Amino acid sequence: MFGRDPWGGPLEISNADSATDDDRSRDLDRAALMRQLDETQQSWLLAGPGDQAGKKKKKYVDLGCVVLDRKIFMWTVGTILGLGVFIGFVMMIVKLVPHKRPPPPPPDQYTQALHKALMFFNAQRSGPLPKHNGVSWRGNSCMKDGLSDSTVRRSLVGGFYDAGDAIKFNYPMAWSMTMLSWSVIEYKAKYEAIGELDHIKELIKWGTDYILKTFNSSADTIDRIVAQVGVGDTSKGSSQPNDHYCWMRPEDIDYKRPVTECHSCSDLASEMAAALAAASIVFKDSKTYSDKLVKGAKALYKFGRLQRGRYSPNGSDQAIFYNSTSYWDEFVWGGAWMYFATGNNSYLTIATAPGMAKHAGAYWFGSPNYGVFTWDDKLPGAQVLLSRLRLFLSPGYPYEEILRTFHNQTDNVMCSYLPLFNSFNFTKGGLIQLNHGGPQPLQYAVNAAFLASLYSDYLEAADTPGWYCGPNFYTTEVLRKFARSQLDYILGKNPQKMSYVVGFGNKYPKRPHHRGASIPHNGVKYGCKGGFKWRETKKANPNVLVGAMVAGPDRHDGFKDVRTNYNYTEPTLAANAGLVAALISIADIPTGRYSIDKNTIFSAIPPMFPTPPPPPSAWKP
């Protein structure tokens, strides 16, 4: 039987045993497949292994959405990896190879003056000085303070001398430590940025360590505190050696230094409590020391509240040099600091009691000294401090009414600093006369500059662009402009064209009223009267009292660089504390969004509005 062969020629179909059924099936499938292919494809399929021996089969990579030649794919991946390694190598070289960066901008004049102002405190140290004190002409001094007094018989070594003498007045010294601590609490980041944080903390601790020696700091209840070490009264004409009659280096003092204690001194006790409480916030990371400061502050404030009285009775040495006019402002000031240090509402209740504010003079708008912040009158500072509490925490009832009053009065005080309101006179050179033309005006000006600059930072941090003086609105920049104007005057922008900070600028006082700076450090001991020749000489001081802000000019912008006239040339601890605070507040030191630290001062205060409890679990039948 024959059939048609589709490939040409006859096809014989037989039942021969040479082809099995499987062979025939494969042949038919092959034939059917080949019908669908063109001649070239058929030739590939029919070619034997020998026909493709010289040809390489291409390999492909299937990426899912596209099929690529494997060789092209590998070349592309290799190129990308090589390029990445090269870029990484170049970046590593750029980082490792040293290259010049543009130098940071030089510090502004306020920062430069601040470095020097802090050094004044190094020069005023009493007791055994640290090796790194940095004042070559100073040495250990008054190493028997307290021990040589038969009524005290305990060590009162340390602390700071007040001014150009060697008396340790605890009232202005404590206020100075409070001011330094306040400046650190608000502007810690600034101090750290300029490398002065450790320095100022060391100075604060030098002061607080001494304050802890002036009473029984281990007790919860005390009955006395030390008011001062040394005596300065020479009004009775006595030639008995003391710290004002003699002109000696502190290192050479060999006369007796009496210790004055007080048993009813609310003003001094409350100020010392404020100093320790503020410092406890500065040292909050050193828990043991911070707790020690808080314990001492509690005992002092309790003593001040129970044993009412002024520390400076009429005729006393304290009344002559640092007379306290009232203790009610210290109750408000100290109470505010005690609240911030402990979080105990009882202290805030005292500080915001309406009767307390009235006695402290919060409503004495017609007083010529209203709004003048000093070592004697702390009310303006306390009002700013408590306005801070209202701005950022707003504790509400029952404190809101008096806090709002303090806030409004702070606004009024800021208005009084502006020349257009005529609350205070200004010299022709631009210095505000907060002491109404009296001597030693600079100490008052720096305190006002600090409050104005600080309050402007409070408002800015509270997203408040300014404040009202009656119907008129003034921006925070107005306050900063006032603060800068006073500091600029002190640093040289004045009719005398001289800086009133020793060592700052090209022209500054060369004859500060200061015993240690005026007597040569030449190994010669000059006795009580032996130093008189150095006091009277018209030559410049042999030792530069770096950073000391002198008392300042008169109301006509005049100044006499005369050593014997302390109303012009004597620096003080309290004045320099205000200067440091004002300088750090106004210095242009970038630290972040806000200049101040909004939260650290509140670290001991519990939440004003406790977190509500979680909702009850779902009811189950």
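Placement of Cβ uses the backbone N, Cα and C atoms for every residue, glycine included.
According to TrEMBL, the protein has these features:
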REGION    1-23  region 'Disordered'
TRANSMEM  72-94  transmembrane segment
DOMAIN    110-583  domain 'Glycoside hydrolase family 9'
ACT_SITE  His513  active site
ACT_SITE  Asp561  active site
ACT_SITE  Glu570  active site
Integer Å distance between the CA atoms belonging to His513 (active site) and Asp561 (active site): 9
- request: For Asp561 (active site), just count the other CB atoms lying within 10 A of its CB, please.
  value: 18
Task: Sort out the sequence-distant neighbours of His513 (active site) for me: same chain, 6+ apart, CB within less than 8 Å of its CB, listed by position.
output: Ala163, Gly164, Val550, Arg563, Thr564, Asn565, Tyr566, Thr569, Glu570, Pro571
Statement: If you count the other CB atoms within 10 A of the CB of Glu570 (active site), including all protein chains displayed, you should get 21
